[in-house]
């Protein structure tokens, strides 16, 4: 492996900025570009005034494709590596963009959207993993949040591109915005060749010298740097420990084994992405364009997107100072208040309602952009162990795409049936997310990935005991129902209540102070 020319923080920041192109594509540009062009006169004429179902299909099929490959990305990321998965995702996305740009009709557009969705699913899964695995603990949160800002910048860029191209009096008004996807995807694909592979993936795949070389480069280029050597040893020891446990149990790195051993972490990762959608971002985005049509709708969306971008910047500085929990909790409170207020103003329906609702939309977008927008992309790769990180994050990302699609599908129907009540309903979900984070989410600020077990207060035996209730004998279950607990074989007891893992997580939360594991040698 050829040594990189950049080393230290310059290398780290260069990598982070470059993979942000993947974030720019994964959610931002690709999702935003369609919202503007489908309202254009030339687009409608080319597709013979498509029906609402046809328009919805052209937009939504991307999420279906993304869902499929986000699940598959767990296997792909482990087999071909983080860098290889990035390259594949970028190439697939570019192909899909080309099919859309040169489409000859409705079905070719649908095919192009599905292909792009495949690429987006791979990128949306692997970019957070790659970023977390190359980032130092004290800057990991900030770098992930910078990526989310690139996500929103991509969305904003697509909206403004649609707006300016709407002044073109030909089919180029919608083909040019679609072609920009190909340009960005090509840049990412070619650049992947220059990126170093994740050192954790290299060490996990018995390429230890290459892994050490990448770690040294990230620490300034000196292979004898004590910090680099200590990090290498810690990663290597953790890989050996996890591999040894799997060998002793005769198990493989399957989704079933991951669920049995780390279901708490998987559920927390999935819940973060689920609530990112249930908390109402799609509903607010839909309302933001209400009352506006054509070019005016694109303009108002563009202005709103600028506010959205600005709201993500404070998190760069706060996430590694306040921590993940404080940001999620405060964001949930502000979003709930904005949604409740939106519902109330729509219910009273007074002359001040339109302006009041616009203000509520701005407050909500700012709160979401600062909290539940970036953190659910940061948290899952942090809490999952290396051997199951790709698979765990693939499930959390698939959860995002699934709930994104569900909420998008039912929102128009709910708006017609329950009207203003829709907003307090999502405010209730914000309250639920607050409770979930407060009691069950451990803080991960400043914790090395290899020491995350200490945050959860668990070891392999404890995981095995707490997750093995389904394999207990009938006698053990009977005794558990009478006593409420069972022996763990070491003089202690393990709660067998159906929600034992929730109660155990709550106990850990009450004693959640993390103490760094230090090398005494």
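Heads up, the Cβ atoms here are built off N, Cα and C, so glycines get one too.
The feature transmembrane segment, as given by TrEMBL for the ranges 233-251, 385-403, 404-422, 423-441, sits at 423-441.
Ranges compared are 266-285, 446-465, and TrEMBL records transmembrane segment for 266-285. Residues 353-371 are the range that TrEMBL records as transmembrane segment, among 353-371, 467-485, 486-504. Taken as a whole, the domain 'Major facilitator superfamily (MFS) profile' (16-445) shows an average pLDDT of 87 in this prediction.
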